[in-house]
């Protein structure tokens, strides 16, 4: 009995450790996953198996990815490892029914990990901005350009890529957004209301500093949902909501990247001069919005094989060949994914792979419907994931696929009310 208790504590500790280190260190969090899988298999107990059908959907999607390598243009075996989170986390949660009672602690330590990661980014930006010889503070990386130009050119230590030094901006903003949602609805993380709201403000500032447009949209949506929940007077809630929308829209438009986005999205140059990507001379590239051309290229390829896709192996190369023709610019060193996970799945594994992907969202909604205690956090997670999947191929990077798979499985494992830790 004592051995079982100790083993469960070790498993729970590793789950909590993963949640804490996910925003901080990819290497440490990866080690956590490996240890959890090994321990779960070595100390397998039949009575601890919890086969929620929602936990099987990521496994099915993973098998489709692996199977697609047989008809891919390239036998890219790295796909097996790259998508492994879709298999690892369902295995961990299926084999460890008793290990999921630490739900609140997992959320708490994830929030603490996000706060620590953000503090590290802020301190790094601060120290890089100080000229210790002359005691001058200047956050511009290039002193010859204006402050506003340093924002739009990603040349400021406190914003965008130079700021988010642990993860890509989109994924860091996703982590911070979920941490904000947890702080809004899970009062046990910080019982002092002042401290809780100070950290919400701090994390919100971090989201804004990423200058990610989707992240700002998600943050506004999360705050709006919370506003309408806590304010009983609907007129005041409506007024506050309008104020938040106006403020958020202003911040969105004032985002230094918005102007270049606006100009490129309405660029109408569509004529294709060279249709063989190998013959492109890179003299006159199309200036139309980058993502729009990627999406259009993905759709062209999806239409060729909508049922099973073109296969995950080498799909980025096939996509880039079509994209290069649309852009009229070819560089063999460049590789791009669809920058849209919905298109990416259809491209890689077709409609048959898209079905278990959709079923995952259905499973999340079912848990949300059955479990009132988790409702707001699940809605926030769906919102964060749903919006960001429109603009990023999340499953193509560890930061994205591990975040999605871990919290998806964690939420699904709470599908019965009595499982939620009181």
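Here the Cβ of each residue, glycine as well, is placed from N, Cα and C on the backbone.
Of the listed segments 146-163, 236-253, 254-271, TrEMBL assigns transmembrane segment to 236-253. With pairs at least 6 apart in sequence, the transmembrane segment (20-43) and the transmembrane segment (401-417) have 3 or more Cβ pairs within the 8 Å limit; the two touch. The stretch from 110-130, 192-208, 342-365, 377-395 with the most CB pairs below 8 A to the transmembrane segment (55-72) is 342-365. Only residues 6 or more beyond the boundaries of the transmembrane segment (342-365), in the same chain, are considered here, and those with a CB under 8 A from a CB of the stretch are 53-54, 57-58, 60-61, 64-65, 68, 295, 298-299, 301-302, 305-312, 315, 319, 378, 381-382, 386, 389-390, 393, 395-396, 408, 411-412.
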